[in-house]
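Record features (Swiss-Prot):
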| type | residues | note |
| --- | --- | --- |
| ACT_SITE | 105 | active site, proton acceptor |
| DOMAIN | 111-344 | domain 'Radical SAM core' |
| DISULFID | 118-349 | disulfide bond |
| BINDING | 175, 176, 207, 230, 231, 232, 306 | S-adenosyl-L-methionine binding site |
């Protein structure tokens, strides 16, 4: 009987490109190289994203020869569900195992307007935010575009049982999306495409801790995707304490990049502001935040801190949260308090992590 370690070694040695990593035009190019008509790409995408098959044998309108070529060239990435937890509020957290034994977490959130999925872009994270569980083990590796796509496909398969669909997504899971920029953009284009899962660009949100060069690059992209910044502090000194990345990408420079993005795209930006008891949640912090954001087309999302055992932060009292919100509103800032989801299964903001570690290969 094969051990887990041996299976992982075998997977690493035989791994092929994920077919989920290919955009439609890339599939068409590959088909042309194989002497196949490009319209087959649409048929293949239909099998992958509409029928959501798990093997090539099921693609019955393709020739046996083409199915064999596909099988020899690409894997249909499947994620092994290690754990599936359901919260009292209906939120579902999936712990998925990857081909090399690493694991990631993906969250399905229920809203009145539909089902939203929170996807992961990296195994671990290098950013080192002092309040977040995702960064505790450091960064292991980037996910391929196909591995990010596969998260959405797997969750959609789970929803197929109740004839529901994923209607929106947020890229706010484990990892810094802009540290995996090319795979992130490939994923977004595949998911957005009408031949893919066809989730509208305006129903997708990407969040970053503030990788400034990539913010400028993102401003030039042709997808009208919602954009969020993990801010969490109204000044550089406090932000550097909470988010070490601020030492590399200073707050004044970050604000310049944000203003460029807003002016270039005409789109409103969202600032995520976690409230940490006694750290960044006082009236003076709210006043300073309002001054920082003055003149910026934006929305502030206040996030009460979620419990992480290895971190020392405590939740801001409810009355203080409302006072912080009121202080911002009184100064003309568009602000809401995020509805908490999945807290009881560690699926809320800042709580995601890979709880199953990769076994050492020998």
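Cβ coordinates are placed from backbone N, Cα and C, and glycine is handled just like the others.
The most densely surrounded of the binding-site residues 207, 230, judged by C-beta neighbours within 10 angstroms, is 230. Residue 175 (S-adenosyl-L-methionine binding site) sits 11 Å from residue 105 (active site, proton acceptor), counting Cα to Cα. Sequence-distant contacts of residue 176 (S-adenosyl-L-methionine binding site), defined as residues of its own chain at least six apart whose C-beta falls under 8 angstroms from its C-beta, comprise 121, 122, 125, 126, 127, 208, 209, 211. Residue 231 (S-adenosyl-L-methionine binding site) and residue 118 (disulfide bond) have their C-alpha atoms 19 Å apart, to the nearest angstrom. Taking only the Cα positions, the spacing between residue 232 (S-adenosyl-L-methionine binding site) and residue 118 (disulfide bond) is 20 angstrom. Nearest to the residue listed as 'active site, proton acceptor' in space, judged by Cα atoms and limited to the recorded positions 118, 207, 230, is 118. In this structure the C-alpha atoms belonging to residue 230 (S-adenosyl-L-methionine binding site) and residue 118 (disulfide bond) are separated by 15 Å.
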